[in-house]
Each structure stands twice: as structure tokens, then as C-alpha cells.
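Taking it in order: structure first as C-alpha cells, then the write-up.
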Amino acid sequence: MIKESSSGESTPTHGGRVRHRKRSSNEVPPDMNKSTEPNLLVNDRHKYKSMLIRTYSSLWMIGGFALIIYMGHLYICAMVVVIQIFMAKELFNLLRRGNEARHLPGFRLLNWHFFFTAMLFTYGRFLSQQLVNTVTSDKLLYKLVSGFVKYQMFICYFLYIAGFMWFILTLKKKMYKYQFSQYAWTHMILLMVFAQSSFTVANIFEGIFWFLLPASLIVINDIAAYFFGFFFGKTPLIKLSPKKTWEGFIGASVTTMLSAFVLANIMGRFQWLTCPRKDLSTGWLSCDPGPLFKPEFYSLQEFFPGWFPWKEIPILPVQWHALALGLFASIIAPFGGFFASGFKRAFKIKDFGDSIPGHGGITDRMDCQMVMAVFAYIYYQSFVRPQDFTVEMILEQILKNLSFQEQQVLYEQLGKIREYAADPYIFGFMAKFNFGDFV
């Protein structure tokens, strides 16, 4: 007698009975891949229940995200670190096999050693200037932090070499293949998690605007694609992700482009979002927003009749940049999700985890966000940020290349220059020969 089950594989036992292997909650049953019917949302009998669960989880996530944005830059960075830890945990567990792991009790700790070494290296490079600016009032702490900034690469390299030696010393006979595969998998995870999401932290300190707008566009694109596919999706988009449809893709693209233009105008009016943060404090910000966030007025009289109530429309220059971000979020960023779908199919799993009801794991939500964060950073550095030497850039070079005694000498020399500039005769002489820019 054969007993059927949809929750696992069958194996024959005594008496003709079938024994079933228990399947994990995020594993894909093999019958799903054999079905010839399009696996679209419009054909899903449980789609309304799934939609309610996803909506409930999304509202909680959006509410928590808004609270963290209000709390400020440092709390947003802490959120990014927590997300990275959860992503690393999900990915570390993906290829871990229980039998081999039991014979290597310290191997999981080694994975996390490499993870936190990579975190120290990445954030030490991105946040060195903000860290120094935070401790300038304390002489001893300033010297310690300056020393860390100067020798940060050496410290991280030493920590990595210590982990490398640790790995070599823990190699065991008959487990070489498993250990080396885990070693390579760990480094791939570090590349995926830090090489992309670390750019998110850099965007945050350039102004929350450059973090919030790209992240919001990915969320809007994902929600719009889901609902357009939910109600209108009939044409499959890509085999890697069977529930994705052309109707959802096109509808989400139009929605994202319009949202980018509108959201940039709304967010660009708040200094809390547009001002860069120069240190790690949490106080309120006030700054000159710059020309990107000052409205320019465009006349509408040439396009509309005289009775039209609005004669001109204010547009922030940053809104044109937002269109470029919206275009990328609509066309290119979804390929991060397709990559993740192909990755999950290769390992025959439905989701990377189950920490978010209706959504899967943290990694399932961050696939497109990581691609978008890199583009937002590169776009800002290439087309938005002024390409000149700033005070922060000069200070960073001073801290990295000069000793504390040399910094004191430089400070004294700058003081003398200020004294010379205060003398009206010397100041007039310098102004005559265009030396004023150096004071």
C-alpha cells in the first residue's frame, strides 16, 4: 500500500508502506516545477489570504522604518548592521549540513570572525571622518581614534590572517571538501553583504535623502508589481520567477517613475533629510540645502490656456536626478530579485528564511535594495556631489598621513597664517596678488 503526502518524499518500507522524509518549511516540492500551468497570482486560490499576510507585515515594517528614519542617521546605520547580520545568518545556514557541522564545533564561530572583521574594515573606511569629528573635544580619545584610523587597514588585515590561520589549523581529514566549500561560501557572503550594503551607509551620511529615496523606490516598485500582477497579470515575464508578469513589470515601472518625481519634491523640502551628517551625533540638523534643493519655477502659460489657475510650477533640480533613480529602480534593480530567484531555485528552496511572514527572510527583501544602493552611491558621486576638495577630505588626509606632533605643527602654522591675515597691510598685499583663497 502506498501512502501519498504533499509534504515530503516517499521511501518504501516493510509491508508495502511508504515512509516520508520531512521537508523544511522553505523547500520547494518537486511537483511544483513539473506543473505545466502558469503559476501566476491571478490563478492562485489562496492569493487573498497571502495578500492580507503580506500587507500586515508590510505595514509593520513601514511603520518601524519611518520611526528609525525620524530617529536619525546613527539609528539608520544600526538598522543596516542588524539587517546585515540577519542576512549573513540566513546565508551561512544555506549550505550548512548538520552532520559535518557537529564535527566542527568552532567553524561557525570562524564564519562570524570573518564577518565582523569585514564589518570593521568596511565601516572603518566609510565612517573614519565622522568618528574623528565626534571625539575632537577629548584629547586622549582623539589620539586613540586617530591611531585607529591610521592603522585600521593593518588591524583588519591582522584579524583576517588570524582567521586564515585558524581555518588551516582546524582542517580535518575526510572533511576537507566541506570545509573549503564553507570557506569559499563565507567569502562570497561577505562580498554580497558588504560590497553592496556598505554603500548604503555612505549614502546615509551624504544625507538621508540619498538613502531614503532609492530605498522607497524599490519598495514602491515591489508593491506596485505585486498589485498589478495580482489583478491584471496574465503574461509571464521570466521563467526564473514564475509569478512575475509583464503587466506587473510595466505597471510598476510607470508607478515608480511618477513616485520618484513626486517624492523627490516632498523629501527635498526637509533639512533633516537633505543635510549631510559630519559626525556620529544624533542632534537636529540645519544647513544650506544647496541649489539642488531650491525650487526653480517653470512657466505653464505656453502649454495651457489663460483660464488655467496655475501660471507656473516649482520644480526642485533634484527631481530630474530622481527620474534617473526611478528608471534604474524600475528596469535594472528587479534583476537583483531575478538573481535571487535563480539562486533559490538552484538550492531548491522557496525563501532564504521565514523571519518576515508572507515575505520570507530578510535576504528576500534586500535583493533589489543592495543593487539599488550601489547605483545610488555611484550616481551621487558621479553626477551630484561637487568634484572639489572639501575641508572634510583635507582633514581625512591629515589624520591618515600626519602624526599627532605633525598635526600640532600644522595647527600652529595655520594660526600664524590667520594672524598675518588679520594685519590689514599683509591682508592687502595678499589680496593684491590673489593669495586670499589660501587663508
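Note: Cβ is positioned from N, Cα and C throughout, glycine not excepted.
What TrEMBL lists as compositional bias 'Polar residues' is 1-13.
Residues annotated as region 'Disordered' in TrEMBL: 1-38.
Positions annotated as transmembrane segment by TrEMBL: 59-88 (among others). Long-range contacts of the transmembrane segment (59-88) within the same chain: residues 111-112, 115, 119, 127, 189, 193-194, 197, 200-201, 204-205, 208, 211-212, 219, 277, 280-282, 353, 355-356, 361-363, 366, each at least 6 residues beyond the stretch ends and with a Cβ under 8 Å from a Cβ of the stretch.
For 109-128 (among others), the entry in TrEMBL reads transmembrane segment.
Annotation comment: TrEMBL describes 148-171 (among others) as transmembrane segment.
The transmembrane segment annotation in TrEMBL covers 183-202 (among others). Below 8 angstroms of C-beta separation, residues 77, 80, 83-84, 87-88, 91-92, 94-95, 110-111, 114-115, 118-119, 122-123, 126-127, 167, 211, 366, 369-371, 373-374, 376-378 of the same chain, each at least six residues beyond the ends of the transmembrane segment (183-202), sit close to that stretch.
Per TrEMBL, the feature transmembrane segment maps to 208-233 (among others). Same-chain residues lying 6 or more positions outside the transmembrane segment (208-233) and placing a CB less than 8 Å from one of its CB atoms are 40-42, 47, 51, 54, 58, 62, 69, 73, 76, 200, 243-245, 247-253, 255-256, 259-260, 263-264, 267-268, 272-274, 318, 322, 325-326, 329-330, 333-334, 368-369, 372-373, 375-377, 380, 384.
Annotation source TrEMBL lists transmembrane segment at 245-267 (among others).
Annotation source TrEMBL lists transmembrane segment at 318-340 (among others).
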For the transmembrane segment (245-267), distant same-chain residues with Cβ under 8 A (at least six beyond the ends): 40-41, 209, 212-213, 216-217, 220-222, 224-230, 232-237, 273-274, 315-316, 318-319, 321-323, 325-327, 329-331, 334
